[in-house]
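What Swiss-Prot annotates here:
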type: SIGNAL; residues: 1-24; note: signal peptide
type: BINDING; residues: 53, 157, 202, 203, 346, 417, 466, 473, 474, 482; note: beta-D-glucoside binding site
type: CARBOHYD; residues: 122; note: N-linked glycosylation site
type: ACT_SITE; residues: 203; note: active site, proton donor
type: DISULFID; residues: 208-243; note: disulfide bond
type: DISULFID; residues: 222-230; note: disulfide bond
type: CARBOHYD; residues: 229; note: N-linked glycosylation site
type: CARBOHYD; residues: 361; note: N-linked glycosylation site
type: CARBOHYD; residues: 371; note: N-linked glycosylation site
type: ACT_SITE; residues: 417; note: active site, nucleophile
type: CARBOHYD; residues: 425; note: N-linked glycosylation site
């Protein structure tokens, strides 16, 4: 289907040229064909993004600073190319073009996050509401709806307000629960008449483990003996404290939405979790147990409270009094606090049992007593992508979904991220940089794995590819590219469809 509105001439030419290239570029011989028509009726396909990685306009439109602004500017050495998200993919200015790209591919939905500090520059109601920020997101939502694309909104994708970090250490304080709830309520009031799917938090595991255990992500806290070279932190306590407060903020926000807005707005609300799949390093009971502990410490950390009202038994046993406890009231509040679960899957690891530590230097990174690796006996679990942590293992996608089905009562699931990156090779001519056949293979095989899980009863209702565009990839900066559309960082952030964009367009034909 043609995109509404005129496409820039260069972009149109690229589409026409690549339509020829893409038609035969990826040889899927040996793999069953897959398309939209393979999936259940009403299944949603979309792409995903996040505010700090995409928007830019960091100092425009009344936006206040987030912890990622501070982290990238004060610690450029922690970013591979010393870059930041000041401009990012410039979706703050180019959002209409982004929506045209989605529409042209035939995408049903777009998952994006709201920048908390674009709504509340100082993080709380006391600092005032930024009307320019409200206007920007209204414009984006209305543009999406005018092109037939459903908005799925994430309220928090790691860019918490620096003002709240300064005031009470952000998510280390229970004070953030009410401030987050106030922020969420503004979004429900302003956008909820048109937005029918809400996600409170994106990947609390990543935020808490990288932000408070290793110090590799904002706010850059860790114990002094960790490799993150942090000036402050406690890797054995703070990750658990921060994520405890995220779970409580999530649950309070869900209660608010269900009590005041859901009946009128008729939307749904959930949370996005991430998990790798874990394969025992060898066929031993100790390594089987290590794989189970690994998934408990990454996924069960959040899923167990949401389903059962408490943390996994393995975490309670190994972390002890460093793991916060839920009161009876909190347990009841968190349990069942979702309409759906967003699930992000990228990769798998082998899990190898570790003996108990000496009790010194406690850290989330070693509490699970599982050594995680992508390589066994010199052989990787799957092809390695540009990011050193990302090994391609489609089978794990199916295994994870069936694990969720069998262990957590088969909740409604949306795959809110799935994707792969390549290196940003600045020497490649544009036409070569658009040939991302490895990404097409990744999507083809993962969609087949997803389809297999659905046929075996997994209750999955939608799939969002990560990502619509190349973008600022956190500590990797702009050294890797996850987009199905190429962003030219040297020429006004122009967008060019990669082969995978054409593949998706063909896949999504109705």
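Here the Cβ of each residue, glycine as well, is placed from N, Cα and C on the backbone.
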May I ask you to report the DSSP-based helix, strand or coil state of residue 417 (active site, nucleophile)?
strand
Hey, of the recorded positions listed (202, 371, 425), which one tops the CB count within 10 A?
202
Cβ within 8 angstroms of the Cβ centroid of 53, 157, 202, 203, 346, 417, 466, 473, 474, 482: which residues besides those meet this for the beta-D-glucoside site?
48, 50, 344, 467
Disulfide-bonded residues: 208, 222 - member with fewest neighbouring CB atoms within 10 Å:
208
Could you state, as a whole number of Å, the largest distance between Cα atoms of any two of 53, 157, 202, 203, 346, 417, 466, 473, 474, 482, the listed beta-D-glucoside binders?
18
Any idea what the Cα distance is from residue 230 (disulfide bond) over to residue 53 (beta-D-glucoside binding site), rounded to a whole Å?
23
Given the recorded positions 222, 361, 371, 417, 474, find the one whose Cα is closest in space to the Cα of residue 425 (N-linked glycosylation site).
474
Here's one to test understanding: among the recorded positions 122, 222, 229, 243, 361, whose C-alpha is closest in space to the C-alpha of residue 346 (beta-D-glucoside binding site)?
243
Of 53, 122, 361, which is closest to residue 222 (disulfide bond) if I measure between C-alpha atoms? They're all recorded positions.
361
Please report the Cα separation of residue 474 (beta-D-glucoside binding site) and residue 243 (disulfide bond) in Å, rounded to an integer.
20
